[in-house]
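If you look up TrEMBL, you'll see 584-651, 705-762 marked as domain 'CBS'. Taken from TrEMBL, the feature transmembrane segment covers 72-95, 115-138, 232-255, 267-286, 319-340, 450-468.
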Amino acid sequence: MLSNHFENGMDMARLAWSRLPHSEDGELDGVGLLSTSSNRNGVESLDYEVIENYAYREEQAQRGKFFVGYNVAVKWFFALLIGIGTGLAAVFINISVENFAGWKFSLTFNIIQKSYLAGFLMYILINLALVFSSVYIITHFAPAAAGSGIPEIKGYLNGIDIPGILLFRTLIGKIFGSIGSVGGGLALGKEGPLVHTGACIASLLGQGGSTKYHLSSRWLQGFKSDRDRRDLVTCGCAAGVAAAFRAPVGGVLFALEEVTSWWRSQLMWRVFFTSAVVAVVVRVAMGWCKSGNCGHFGAGGFIIWDISDGQEDYSFEELLPMAVIGIIGGLLGALFNQLTIYVTRWRRNYLHKKGNRVKIYEACLISVLTSVISFGLPLLRNCSPCPDSDPGSEIECPRAPGADGNYVNFYCGKDKEYNDLATIFFNTQDDAIRNLFSAKTIHEFSAKSLLTFLVMFYTLAVVTFGTAVPAGQFVPGIMIGSTYGRLVGIFTVNHYKKLNIDEGTYALLGAASFLGGSMRMTVSLCVIMVEITNNLKLLPLIMLVLLISKAVGDVFNEGLYDEQARLRGIPLLESRPKYVMRKMTAREACGNQKVLSLPQVVKVADAVSILRSNKHNGFPVVDHTRDGEPLVIGLMLRSHLLVLLQSKIDFQHSPLPSHSRSGSGAIRHNFSEFAKPVSSKGISIDDIYLSSEDLEMYIDLAPFLNPSPYVVPEDMSLTKVYNLFRQLGLRHIFVVPRASRVIGVITRKDLLIEEESEDSATMELQSTSVRGQRHKTRLLEENGADAERPLLNGLLVQNQR
């Protein structure tokens, strides 16, 4: 009877998951790598540029000031929803992880009172079940939820469309997969997955939910452009960090420093507001849990290690060992990045090619290995006698079985003894870090135990990174750094013989140094460390070790997320162009590629032939003057042309233009029809059926093309083209011959627009000079309107991804 109910439950679960969108070609596989069917050439860019065609201009002309205010209010409302949603997701993940871990340790401690072997087997089985649930969800239902997700989100905000990373199924897989992997005791954290979770929540809210799973709302579908979605995802990333560390300011700076490529002041306010909302939601939830409503959830739930009662001052002599901590962090962080590169390449080339079953075996094997090490190594360590208790201290030695805190009594022969290795090994990672950071616990950990834990946990973190489970690297990095930081603190205390030196302070500096040496963040990481430790006095020291560790790490390789993005085939545009670009021009970058262009009025059969013959995502539209010279009149996106072919309402029998170039004539499309869905690849040419009569028709592209694409001269430095492309978030740039005429010069004064009155919608540009205006008028009278259009040289810088 019970087995039948279990099978029925599994069938219902499979049916529910089957309603979610299935993985498509090009979606990320179980380790977060782009599948072989979708290499770098198959990655597309996002349209962050506003396509100012006639449909867009007509739509904007119909909107008044009320709509502008309404649009701003909706953006703030969405920021509120993102903060609430991400905060609730973080609360759910943390409560679940803490309860699973609490039940696991409580049950294990109860069993080992009778038999250590039975407790050992129970400990392994619970961890194995949790990890198996996580890897099964990832491999079978949500492959894009593997890993931290930060490299993929960084790529998205850099302008790269990676299918599958923001789906509803990815969100569900990220949440429940994180609970299993973190609760199962693997050497990973939940902070990176929380960033990905916040981004998914923001993206789903922006598109109105999931239509495939029937969880959508039409009134939420207000933002359909990639530009607006980018802003929402940025808010989600900051919310994820704010929820993971209870660090709202750190979340804003993390989004600014690490993941975003474009930033503006209006976005700063909304991101800050979102992070503040997350902080309020988390604090309310923690207050509610203090009354005992959340089971085992306690002080270890959210990552915050209060060391405000630690070392209050430091001497000049301590700067040397602190600088040594920074150097060690840079070396170990760079080594960690390099080792993860080797392990990830080996997994991709040999192991994960064998299918999902091998990925499940791998994760389960690592789970068993982690459990054996965390349970078995403390058994080999001799216990130490409890120190004399301080009357004013709340630290209990040994602690009660199953409770969180310092001084774990594990396999000790006497009651007043504790196992220092079990205090950090046989514990949740959050509680272990709290023990390493703890103040006024001098000589709690021996140097031998700390060195043993450092070597073993460092190895486990390298091996675990890249498995098919959601995995963050913040907490493992803090664990590693705080271990060798405390080691340096022990040597410093023994050398200087000063009573005011606290080992927990050095553990904090070690954690900051390893994260700086691995992730190469400075400002955001510094603020996060200050917020989670509640000790502003250590800010100068944290800044010192971060600068040293980053400088040392940069000598060997790039940051962790940049290296992983490269391994995943994500073509990021870095903030600075390569040095070789200084010696290249825009024409040289184009090479000898053939430019495929479209006429203003194109035959349907010709348009279909061009779309089938290549995968370009943008085409120059070329007209001709009376003298037969080609003129660039705009840019036509592939996605927009596919919408026109699918609707067929703009087909015409005549090969002559149906609209004048001033845009007169009715537009039978809403601008939102051209928006690409965020959760799919959009329309394909193979999805459109056209009859033989349709193929003989024509389409006038003038109302739907972008009449003002960005154009650069052919001899412009490629460095300037790179900066223009990246800073404006472009997808295409036309390369044309050097212009022969100048019709005007725009200076700063021309861009200072003044309104004539509050009720007037007309804008007035202040001219730079009367002579320039007269010269422009004379040129227009002599050469006609065609003098304003550049000639096409047959060159095009085109992002075909």
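Using N, Cα and C of the backbone, Cβ positions are placed for all residues, glycine too.
Bear in mind that the values here come from a model prediction, so they are computed numbers and not experimental data.
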Dominant neighbour of the transmembrane segment (319-340) in 72-95, 115-138, 232-255, 450-468, by Cβ pairs under 8 Å: 450-468
Winner by Cβ pairs under 8 Å against the transmembrane segment (232-255), considering only 72-95, 115-138, 450-468: 72-95
Model confidence over the domain 'CBS' (584-651), averaged pLDDT: 88
Cβ-Cβ under 8 Å with the transmembrane segment (72-95): same-chain residues at least 6 beyond its ends: 175, 178-179, 190, 194, 197-198, 201-202, 205-206, 222-223, 228, 231-232, 235-236, 239-240, 242-244, 270-271, 273-278, 280-282, 285, 289, 294-295, 297, 301-302
Residues in the domain 'CBS' (705-762) grouped by DSSP into helix, strand and remaining coil: 15 helix, 12 strand, 31 coil
Tally of residues which DSSP labels helix, strand or coil - the domain 'CBS' (584-651): 25 helix, 22 strand, 21 coil
